[in-house]
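K.L.:
Reproduced below are the annotations present in TrEMBL:
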type	residues	note
ACT_SITE	Asp196	active site, proton donor/acceptor
BINDING	Glu10, Asn146, Asp196	divalent metal cation binding site
BINDING	Arg93, Asn95, Glu113	substrate binding site
DOMAIN	8-255	domain 'SMP-30/Gluconolactonase/LRE-like region'
Amino acid sequence: VVKEKNRMGECPVWEERENALVYVDINSQKVCRWSPVTNEVQSVSVDARVGSVALRQCGGYVIALGTRFAFLDWDTQAVTTILELEQDKPNNRFNDGKVDPKGRFFAGTMAEETAPGVRARRQGALYTLFPDHSVIKQLDQLDISNGLDWSLDHRTFFHIDSLSYAVHAFNYDVHTGKIACPKLLYHLEKEEQMPDGMCIDAEGKLWVACIDGGRVIRIDPETGKRIQTVRLPTPRITSCCFGGKDYSEMYVTSAYDGLDEATLAKEPHAGEIFKITGLGVKGIPQNLYAA
């Protein structure tokens with residue numbers, strides 16, 4: 001549905017009030033908004049790689065860029081820094097993020113590659129930005145903090161550290177926002193490659209984007225089993241979310257960075273955004289950051 005190619009399209013969020021899909025292109029340092037009505041993509045350039053975007057209750061967006069949390073005012077394009085983190089790790093940046101059921105913004109970090117396929121290990125962490133702008137560190141020594149979501153009963157937090165090739169489930173205290181007691185939920189099969197972004201559907205099942213696996217997979221958290229696979233027409237599938245007027249459509253982002261010229265020539269859809277219909281299941285509205 002979006003032909004405008006992203007170097008590293010990520011973190012799609014359906015914004016009901018704009019009837020639009022909001023997402024980031026991490027490596028182009030842009031926050032983007034696509035209207036299915038006009039088919040137009042608007043974007044705001046920022047001064048660092050932007051790992052994630054989420055909706056604010058009062059309008060506009062909260063973003064995680066470089067190693068800082070910030071607000072983005074779409075109309076003025078102004079970016080206001082809330083807090084800088086990890087200033088002792090100049091090679092780190094924020095990656096995926098999402099708002100929890102109480103309006104707190106969870107986002108994690110990762111080390112950038114210093115050469116193709118080379119990165120310092122266990123440099124990432126997962127943080128929670130509270131509505132009063134205070135921050136706590138939830139997890140440490142992560143490789144690539146990535147996809148995240150919460151169970152429908154708000155008792156479980158799901159998280160992906162990509163280089164573990166797995167989805168983990170944590171006990172989640174909705175009152176404090178704290179997570180605890182990780183357990184392995186699903187380890188990806190070889191052909192599924194590496195887990196990236198993730199979202200939950202209205203039946204409480206998880207959808208995981210498989211980067212370099214060219215697919216999204218549906219996992220049942222009750223059984224830890226994969227129950228569905230949807231293949232997409234390009235390999236570097238990065239994230240997914242439900243949207244549309246009744247949340248029955250799934251939007252899937254992809255990337256072309258990381259593909260060599262020979263592969264790119266064979267992958268005309270790399271970096272585009274796709275819509276999957278007919279899944280027979282709906283998603284749920286995004287939570288809004290409560291400040």
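Using the three backbone atoms N, Cα and C, a Cβ is placed for every residue, glycine included.
Unlike curated records, TrEMBL annotations are generated automatically.
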K.L.:
Compare all C-alpha positions of Arg93, Asn95, Glu113, the record's substrate binders, and send over the largest distance in angstrom.
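P.N.:
Per the listed residues, the maximum Cα distance equals 13 Å.
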K.L.:
Taking just the CA atoms, what is the gap between Glu10 (divalent metal cation binding site) and Asn95 (substrate binding site) in Å?
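P.N.:
So the alpha carbons of Glu10 (divalent metal cation binding site) and Asn95 (substrate binding site) sit roughly 9 Å from each other.
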K.L.:
Which of these binding-site residues has the least crowded Cβ, counting other Cβ atoms within 10 Å: Glu10, Glu113?
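P.N.:
Checked Glu10, Glu113; of these binding-site residues, fewest Cβ neighbours within 10 Å: Glu113.
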K.L.:
Hey, how far is Arg93 (substrate binding site) from Asp196 (active site, proton donor/acceptor), Cα to Cα, in Å?
P.N.:
16
K.L.:
Work out how many Å separate Asn95 (substrate binding site) and Asp196 (active site, proton donor/acceptor) at their Cα atoms, rounded off.
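P.N.:
Roughly 10 Å, rounded to the nearest whole number.
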K.L.:
Report the member of Asn95, Asn146 (the binding-site residues) whose C-beta atom has the most other C-beta atoms within 10 angstroms.
P.N.:
Asn146
K.L.:
Please identify, from the recorded positions Arg93, Asp196, the residue with the sparsest Cβ neighbourhood, meaning fewest other Cβ atoms within 10 angstroms.
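P.N.:
If we count Cβ atoms within 10 Å for the recorded positions Arg93, Asp196, the smallest count is at Arg93.
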K.L.:
Quick one: pull the CA-CA distance for Glu113 (substrate binding site) versus Asn146 (divalent metal cation binding site), whole Å only.
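P.N.:
Given the Cα positions, Glu113 (substrate binding site) is 16 Å from Asn146 (divalent metal cation binding site).
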K.L.:
Using the CB centroid of Arg93, Asn95, Glu113 as the substrate site centre, which other residues of the same chain sit with their CB within 8 A?
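P.N.:
Near the substrate site, beyond Arg93, Asn95, Glu113, sit Ile26, Arg49, Gly51, Asn92, Thr109, Met110, Ala111, Glu112, Arg119, Ile144.
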K.L.:
Could you state the CA-to-CA distance between Asp196 (active site, proton donor/acceptor) and Asn146 (divalent metal cation binding site) to the nearest Å?
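P.N.:
That comes out at 6 Å between the alpha carbons.
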K.L.:
Mean pLDDT for the domain 'SMP-30/Gluconolactonase/LRE-like region' (8-255), as a whole number?
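P.N.:
Mean pLDDT for the domain 'SMP-30/Gluconolactonase/LRE-like region' (8-255): 97.
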K.L.:
Within 8 Å of the Cβ centre of Glu10, Asn146, Asp196, which other residues of the chain have their Cβ, at the recorded divalent metal cation site?
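P.N.:
Output for this site, in sequence order: Cys11, Asn95, Asp96, Ile144, Gly147, Ile160, Ser162, Gly197, Ala209, Ile211, Thr238, Ser239.
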